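Take this structure, written in structure tokens, and hold onto it; I'll ask about it next.
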Amino acid sequence: MDSNTAADAAAAPAATTAEPTAPLATATATATATETTTAPQPQEQQQPAQQQQQPAAAPVARPPAQTVQKPIAVPRRDKFYQQSLGGSLNANVKKARVLMVGAGGIGCELLKNLVLTGYGEIHVVDLDTIDLSNLNRQFLFRHEHIKKSKALVAKDAAQAFNPKVKIVAHHANIKDSQFNTRWFKDFNIVFNALDNLEARRHVNRMCLAADVPLIESGTTGFNGNVQVIKKGVTACYDCTPKETPKSFPVCTIRSTPSQPIHCIVWGKSYLLSEIFGASEDESAFDNSADADNAKEIEELKKEAAALRAIRDALGTEAFPQLLFDKVYNSDIVRLASMEDMWKSRRKPEPLDYKKLLEQSTEASGAKATILQEGQKVWSLEENFAVFVDSLDRLSKRMQELKKAHQNGGAEPLITFDKDDEDTLDFVTASANIRSSIFGIERKSRFDIKQMAGNIIPAIATTNAIVAGLCVLQSFKVLKGEYTNTKEVFISPHNPARLLNATKYRAPNPQCPVCSVYQTTVSVDMSRATLKDLVEDFVRLELGYGDKEFALNNDAGPLYDPDETENLSKKLSELGITEDTFLTVIDEDDDEPFVNVVISIQESKEPLEDKPVKGMTADQKPEIPRKPKKETPAPAAAESNGTSQQNGKHSLDVSDESPNLKRPRPDDGDEPIEAKKAKVATTSSSDDVVLVDDSTGGAIVIDD
């Protein structure tokens, strides 16, 4: 056998041995072959000897041990959160169970933030459904979601951002009995993203009763605010009195309008309601009469009665002219005949239906084009054409509703909805025709939709900023640093800064909600009467004894020394249920107790002895007494303060004024109330448009 044959024979076993090895062994063999071909020529003579030794060196191929690869380290999802927040806070965020009330403008942004921050369990409560007007800023919703539950859709949309977070949606009213104090106690934080005053106050009270921190937020256009509320530490939502919406005298709306909004309110809250719904006069207007307007009020009532008679002709050919002649001719003629009313203002000019019908022939033929021009201010003829057309559409709708309710039930109604084209067209046209009569500027349908629909322009950016601030404040809450929280106001029109952060405010000693003594009572609802509550709990357990006191609920008084007829009634007969709050007011003039708020809790098991039993310690509670009223300081000189006059109400904001929510600083710094004024008290605006009138009133368009 020559040397080449021996080399081939020696190489064959080596190749066979290397065949089943892993790719790493193959790569090693390849590298060896490469070394062989690139070796210097003089070594070629020694190749046969080396190749003969290869079978003994076969284990160099390194069996399976070299095939094990080190696992690649996958970065944690919350790596950067942990670096930013710290391990302890990051862990608390993951374990936190939070409640978000409201899934609208702020709610969509806030839910996204909470999910991406990694909050472990998030409950969302919202009774509302998705509306077309929501889609431009509530980014979790799409066109196919219209009329669906905001809470349920928001949950599905946000879950995709972080599948590991548990989201529970409740399509319900936060005031429902299922959301009781026990339920609230299960949460670490409650976030308020609501848009109405009543619900905000309810959540504020529930959080105080459950001793759960609340993060309150609100926006109005470009303005916004965030506030942390903790029982006994910070001011609550009701510590700052909220301005009660003022109404404008009905005579101004119905007799002497001077602004477009007056005519819009007339069209929405009076004319539309009288013809197609229930009158809203009592809620939208101030019907109080005095010596100056009593006669006019009586005339207006006669007008309303005549208008209700005209609705009986609804659906007939004569109906449009009957209505038009009544509100735009005969009523105007009567007003114009009152010479004293028009000495200093333009006298209204009545309109003729037949004459206007002839003049609007061209406009009537182009109704479709007119209705497409929503941002254009229509002429009188165009408004007349839309008035007749919308009246016809609404009449047909009402007739169909009446047919559907022939078998009984409530009388069908058509109410105003900013996204209902029929009602919006009717209000737009009727308001503009009335404006023409009184020489008032007409408005486009777009503008009237904003004013009549209570739409304060909602800015998505403001919602996003507020939602971010809520999460930042929640970190301090989880760490228990309530004294480090800030009350933040967004005020873009403030040249100094966009965000104004102030130190938290202490509870207001005069607050009717948080500066009270709170207690809980267990009640056997099947047999407990008001007398049981008054005698066995208030007088005996709370220690009122022979004191005179009143007992009220949200609806009004239940008991006082002169009103005792309810004592024999069961609590259930008085509408008192689980989580009803009752207030005990001490009427003693000498060192009275502070108000006591009683939270009613239904006993899960029948009580053996008395049907009412306190849930606190056995010893008699120590109820604090109201501080003695200080003698008011002498009135300050007029130069030291400012007097603000608004109609019949005036407010003295001098340094010594007891009405100030917070003392005015001596060093000239801007007080917190000034900052609140700049942001238009966003937390209590509740999407209500207030328009100041030169006579000192305001019109409320309440939807």
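Here, residue 1 is simply the first one shown, and the rest follow in order.
In case you wondered, yes, glycine gets a Cβ from its N, Cα and C as well.
Marked as compositional bias 'Low complexity' by TrEMBL: 1-67, 679-695. Residues or ranges marked as ATP binding site by TrEMBL: 102-107, Asp126, 134-137, Lys150, 195-200. Under the heading domain 'Ubiquitin-activating enzyme SCCH', TrEMBL lists 388-449. Taken from TrEMBL, the feature domain 'Ubiquitin/SUMO-activating enzyme ubiquitin-like' applies to 521-604. According to TrEMBL, the compositional bias 'Basic and acidic residues' annotation covers 619-631. Among the features that TrEMBL reports, compositional bias 'Polar residues' is placed at 639-648.
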Of Asp126, Asp195, Glu198, which of the binding-site residues has the most Cβ neighbours inside 10 Å?
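Ranked by Cβ atoms within 10 Å, first place goes to Asp126.
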Around Gly105 (ATP binding site), which residues of its chain at least 6 apart sit with Cβ under 8 Å of its Cβ?
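Same-chain residues close to Gly105 (ATP binding site) (Cβ under 8 Å, separated by 6 or more) are Asn134, Arg137, Gln138, Ala193, Asp195, Thr219, Ala458, Ala460, Asn463.
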Compile a sequence-ordered list of residues in the same chain as Asn136 (ATP binding site), six or more apart from it, whose Cβ lies below 8 A from its Cβ; state 'none' when nothing qualifies.
Ala460
Sequence gap of 6 or more, Cβ distance under 8 Å: name the residues on the same chain that satisfy this around Gly102 (ATP binding site), in order along the sequence.
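Listed in sequence order, they are Val125, Asp126, Asn192, Ala193, Leu194, Asp195.
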Determine the mean pLDDT over the domain 'Ubiquitin-activating enzyme SCCH' (388-449), rounding to the nearest whole number.
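A mean pLDDT of 88 is what the predicted model shows over the domain 'Ubiquitin-activating enzyme SCCH' (388-449).
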